[in-house]
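Colleague: Swiss-Prot feature annotations, pasted as is:
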type     : residues     : note
BINDING  : Asp7, Asp138 : Mg(2+) 1 binding site
ACT_SITE : Asp7         : active site
BINDING  : Glu66        : Mg(2+) 2 binding site
ACT_SITE : Glu66        : active site
ACT_SITE : Asp138       : active site
Amino acid sequence: MRVLGIDPGLRNLGWGVISVQGSRLRHVANGQIRSEGSELAQRLLSLYRQLTEVVAGHAPDAAAVEHTFVNKDATGTLKLGQARGIALLVPAAAGLEVAEYAPNHVKKSVVGVGHAAKEQVQHMVKLQLPGVVLAGADAADALAIAICHAHHLQSRGKVVAVNRTVAAPDGLRSVS
């Protein structure tokens, strides 16, 4: 089973794909999408197109997106919310179930502490995905979101069920 994690951002959107087989996690790919254009509509379209390419290219089975927090800059929060809408829309349009997690939940799941620093998150992502080369901080966060969702799916027994379905002899694709 492949899980796509997305760390939404208007200028930089982080993404990461991991493969989950039982309790084993393996890095597939990660990157950062930089929006193009100066107008909001152009940036959102750029995010949409590039994220659609990521989903098509890596064929995830599930997706997870980080919740955004509200800050004092209402305009900035609204713009980030619009980028988050793209992050939710693209995998949903591809037929994926999309989960959402609060930043503190992701950190607690990956690091063990809900208020972990970015450096701690990056360190734990590297430990859980040996050999990974991070494309940047946003990509590391996206991989952490994917790991968090994988842990959630494992606790619900969904990984085993999906792995059986995908590896079934009736012609469905095999999971790597």
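One-based numbering along the chain as shown.
Using N, Cα and C of the backbone, Cβ positions are placed for all residues, glycine too.
Note that the coordinates shown come from a computational prediction; the quantities given were computed from them, not determined experimentally.
How about a rundown of where these features are and what they're close to?
Modeller: Other Cβ atoms within 10 Å of the Cβ of Asp7 (Mg(2+) 1 binding site), summed over all protein chains shown, number 28.
According to DSSP, Asp7 (Mg(2+) 1 binding site) sits within a strand segment.
For the recorded site, Glu66 (Mg(2+) 2 binding site), the DSSP three-state label reads strand. On its own chain, Glu66 (Mg(2+) 2 binding site) has Ile6, Asp7, Pro8, Glu100, Tyr101, Ala102, Pro103, Val106, Asp141, Ile145 as residues at least 6 apart in sequence with a Cβ closer than 8 Å to its own Cβ.
Within its own chain, Asp138 (Mg(2+) 1 binding site) has Asp7, Gly9, Asn12, Leu13, Gly14, Gln32 as residues 6 or more apart in sequence whose C-beta sits under 8 angstroms from its own.
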